[in-house]
Amino acid sequence: MSVVADLYRNSPNAGMVEFQEKLKLQHENSMHTELEKLLTTAKPSEAEISRKDFEGFKKLFHRFLQEKGPSIDWAKIQRPPKDSIQPYEKIKLKGLPADVASSLNKLAVVKLNGGLGTSMGCKGPKSLISVRNENTFLDLTVQQIEHLNKSYNADVPLVLMNSFNTDEDTKKILQKYTHHHVKIHTFNQSRYPRINKESLLPVATNMGLTGENEEAWYPPGHGDIYTSFFNSGLLDKLIAEGKEYIFVSNIDNLGATVDLHILNHLMNQPSDKRCEFVMEVTDKTRADVKGGTLTQYDGKLRLLEIAQVPKAHVDEFKSVTKFKIFNTNNLWISLPAIKRLHVKNAMDMEIIVNPKTLEGGLNVIQLETAVGAAMKSFDNVLGINVPRSRFLPVKTTSDLLLVMSNLYSMNAGSLTMSPKREFPTTPHVKLGSSFTKVRDFLKRFESIPDMLELDHLTVSGDVTFGKQVTLKGTVIIIANHGDRIDIPAGAILENKIVSGNLRILDH
């Protein structure tokens, strides 16, 4: 945190407190003045949208100035009551009604589509990266919903929450789905100004997105969905069409398909006790120790993220024994409840302060919120402990290798673990830096290996794979600097370590 921001933290001195309050007011006024200056540079067609965005930003900035350190009192954290997290199996036992379509017709699917593919070396929206048989994340999503609509003669629309980074490219590609049996809507999440860490003022000089202002703006996290959805008019439109719930998930989570059993559970509760917010959670493994978890706090079920945890308790938070589940970010949320909370300005989400360094070395902060953090604002909330198969995110090329392989079969856009795999768990795959970019990754595999019996794969250095390679058990391939390893076509590696000069040793 900056010198200026540090002045806002706790101080017992009354005079100091008064000074702090004056300083906060001064910063708030300065921020408002700068925002007004920026608005004068907006194109007439964008002025109203930008003003609405800035209203949301002002509220967030005001709260940022008021907050004093971590918002969590660790002593108050309790395990959630038993009935507050239901096992998926229990919900599935109820079976499905004869008329599934009437429930589906009250649902809209929202995919979070604000992210770029930069971490995987791709330009443009991440949703346009090919993940399976030339199908992109977006293709698979459309196929899934179209299959539902055709199978049940239903009308489930797809709603994409884009950002200013992804909107234009996404809209161009949407034309190819014109004749698909899916209505597609889009809306944009807000565009907020990055703040200079020292002065706490926007780094932007005008509302432009290019040149010196290219790095001056950011989409403020998926917690922005509530405000931007409301502002877009889509929330009211969907309610008017009889929609009651949205199913929200990250577009890169290939396991996040519409689950008819969870939908049925939502629709078949007494109207006075109807769930307003359901979070799908799943059992934590060592790979998920940083994932947000559910706790009971001040009598409410709420999401606890690692960023909120006091430093002294981070190891406890990561414990797989104390906090056994984590948030998949698959959420089922009541549309009328979103509207009620938004109108009352009662959506309470913790601020995530995300420090960044721009290309020129300038330190900035961006203020964000997370969609799941609003859980505590809703009534009758519930966690559902779902199978791990509903959490299949593709964040890296290591994940991409898994979903492209014969570990999964694909049907109507949905991936399911192959029945030929004896263990339900996914292998642990770690590809080195030579594989980070999708383009390089694809060049290094003549064909994707058979991984049905793989437990663990580590690859480091300059390594290529020939056609029809089979990997079983634990396989570690390490090419030392300056060496290259070419795994020959048809090779079967089972419990092997392959090092620099292609010596193959039993592991």
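Here the Cβ of each residue, glycine as well, is placed from N, Cα and C on the backbone.
The UTP binding site annotation in TrEMBL covers Lys126, Gln189, Gly221, Asp252, Lys395. The substrate binding site annotation in TrEMBL covers His222.
Here His222 (substrate binding site) is positioned 15 angstrom away from Lys126 (UTP binding site), judged by their C-alpha atoms. Distance between Cα atoms for Gln189 (UTP binding site) and the residue listed as 'substrate binding site': 8 Å, as a whole number. Looking only at the binding-site residues His222, Lys395, the densest Cβ neighbourhood within 10 Å occurs at His222. Counting every protein chain shown, the Cβ of Lys126 (UTP binding site) has 24 other Cβ atoms within 10 Å.
A separation of roughly 14 Å, to the nearest angstrom, links the Cα atoms of Asp252 (UTP binding site) and His222 (substrate binding site). In sequence order, Ile352, Glu368, Thr369, Ala370, Val371 constitute the residues six or more apart from Gly221 (UTP binding site) in its chain with CB-CB distances below 8 Å.
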